[in-house]
């Protein structure tokens with residue numbers, strides 16, 4: 001039904017959009033994921049606690065999520081292209097101003113607030129327009145696009161470490177901000193879909209001059225042009241359950257990359273080897289996304305079932321990761337975590353589209369990110385507080401794993417709700433189909 005409603009091209013120029021989104025993911029989320037390399041540097045520079053320093057990442061994550069409905073609304077009013085370009089300029093401003101490094105509050109406002117808003121205005125429309133361009137291949141397209149963050153993170157780990165060693169953490173921020181200006185180029189390539197777009201490369205651009213009803217019908221079928229932002233999705237039980245899952249997942253997802261570097265330092269691992277952990281994390285993350293996207297595209301397993309499975313595997317790997325006591329064991333457990341994290345990220349947006357349907361996807365994505373922001377805002381500081389109390393970075397990983405186990409329970413509840421509604425629908429339609437199974441009986445009844 002979704003494909004019928006939106007008539008996405010499912011190819012053609014859509015692959016250019018996927019490549020552009022791939023780049024945007026790398027220039028936004030990959031930077032956020034590797035920001036742990038700056039954690040110790042900033043903490044030592046300002047002589048602050050881990051919980052205080054972690055608020056920089058917390059603010060970035062929170063604004064990333066809080067800005068999502070704003071970004072979605074702007075996409076409704078203008079175009080995805082315009083919002084992405086705006087996001088690129090904001091991301092650059094956050095890093096460039098963070099270069100000044102006046103005090104911790106200044107870091108919250110620049111590399112926290114502005115950078116988070118830039119990521120939100122870039123990431124949200126980029127992932128949204130990919131979903132509009134694809135239907136049958138949506139899972140694969142989203143997986144390829146999202147893989148950009150780990151492909152870039154693979155090189156960003158050692159590259160950022162080199163920048164810090166050569167130019168200091170302040171100079172590194174300025175250079176990274178300049179690199180993020182390429183988001184604007186990627187946004188310019190995100191051509192809006194034409195109204196009434198059909199097939200791989202054929203779009204109906206002409207409108208019958210004397211048929212206003214036909215013009216209205218064409219506008220209604222536009223894949224990306226909607227009239228209003230639907231806030232009433234919060235009344236749908238399926239969306240609420242998925243949003244709660246998102247809150248708990250966000251509390252956990254940003255904790256391991258933040259504390260992986262400090263944990264390795266506490267184990268006495270050299271800085272150069274520590275940077276390679278982030279590259280390993282990115283490499284297996286990349287493989288997990290592509291493999292899971294390919295598998296989901298086969299439609300063998302229901303997306304919600306696959307997501308619950310990957311979440312369970314992530315939580316298991318996080319519980320095992322603190323058992324590492326040297327570089328080799330830490331690299332192995334990091335690899336397991338990164339792979340299963342990649343499989344989850346590859347399909348969680350596709351699962352959201354399945355839950356709400358494509359006509360409401362833009363609104364759902366914005367609301368989902370907004371609601372999920374509470375988890376991203378609370379997660380890192382809570383983990384930092386637990387680490388400060390325990391005096392051990394391992395405690396943060398245990399907290400993240402336990403929270404993910406809880407989030408999987410809401411996915412199971414959502415699946416049961418959907419199955420119950422599906423069975424109820426079948427029961428209501430069954431008497432209608434079974435009362436007069438033969439056409440001859442129908443004719444006799446109405447003679």
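In case you wondered, yes, glycine gets a Cβ from its N, Cα and C as well.
TrEMBL entries are annotated by machine, without manual review.
Note that this is a predicted model, so its numbers are computed, not measured.
According to TrEMBL, the domain 'Major facilitator superfamily (MFS) profile' annotation covers 14-419.
Feature annotation from TrEMBL assigns transmembrane segment to 12-35 (among others). Long-range contacts of the transmembrane segment (12-35) within the same chain, counting only residues at least 6 positions beyond its ends with a Cβ under 8 Å from a Cβ of the stretch, are 56-57, 60-61, 64, 84, 87-88, 91, 111, 115, 118-119, 122-123, 126-127, 129-130, 133-134, 141, 144-153, 156-157, 160, 176, 179-180, 182-183, 186-187, 189-191, 200-201, 254, 257-258, 278, 282.
Marked as transmembrane segment by TrEMBL: 55-76 (among others). For the transmembrane segment (55-76), the residues of the chain that approach it from at least six positions outside its boundaries are 32, 35, 39, 42, 82-83, 86-87, 104, 107-108, 111-113, 115-117, 119-121, 123-125, 128, 224, 226-229, 250, 254, 258, 362-363, 365-373, 376-381, judged by C-beta separation under 8 angstroms.
Taken from TrEMBL, the feature transmembrane segment applies to 83-106 (among others).
Beyond its flanks by at least six residues, the transmembrane segment (112-133) meets 6, 8-10, 13-14, 17-18, 20-21, 24-25, 27-29, 31-32, 55-68, 70-72, 74-75, 80-81, 83-84, 86-95, 97-98, 141-142, 145-146, 180, 183, 186-187, 190, 193, 223-224, 349-350, 353, 358, 361-362, 365-366, 369 of its own chain at Cβ-Cβ distances under 8 Å. Taken from TrEMBL, the feature transmembrane segment covers 112-133 (among others).
Residues or ranges marked as transmembrane segment in TrEMBL: 140-160 (among others).
Feature annotation from TrEMBL assigns transmembrane segment to 172-190 (among others). Proximity of distant same-chain residues to the transmembrane segment (172-190), defined by a Cβ-Cβ separation under 8 Å and at least 6 residues beyond the stretch ends, is recorded for 16-17, 19-21, 23-24, 27-28, 31, 38, 80-85, 87-89, 91-96, 98-99, 101, 111, 118, 122, 125-126, 129, 160, 163-164.
Annotation comment: TrEMBL describes 239-261 (among others) as transmembrane segment.
Panel annotation: around the transmembrane segment (273-292), residues 30, 33-34, 36-37, 143-144, 146-147, 149-158, 160-161, 257, 260-261, 264-265, 306, 310, 327, 330-331, 334-347 of the same chain, lying at least six beyond its termini, place a Cβ under 8 Å from a Cβ of the stretch. Here TrEMBL flags 273-292 (among others) as transmembrane segment.
The transmembrane segment annotation in TrEMBL covers 304-324 (among others).
Among the features that TrEMBL reports, transmembrane segment is placed at 330-352 (among others).
Taken from TrEMBL, the feature transmembrane segment applies to 364-383 (among others).
Panel annotation: around the transmembrane segment (395-414), residues 238, 241-242, 244-245, 247-249, 251-253, 255-256, 258-259, 263, 304, 307-308, 311-312, 314-319, 321-322, 355, 379, 382-384, 386-387, 389 of the same chain, lying at least six beyond its termini, place a Cβ under 8 Å from a Cβ of the stretch. Annotation source TrEMBL lists transmembrane segment at 395-414 (among others).
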Under a Cβ pair cut-off of under 8 Å, which of the recorded stretches 83-106, 140-160, 239-261, 304-324, 330-352 contacts the transmembrane segment (364-383) most often?
239-261
Averaged over the domain 'Major facilitator superfamily (MFS) profile' (14-419), what pLDDT does the prediction give?
82
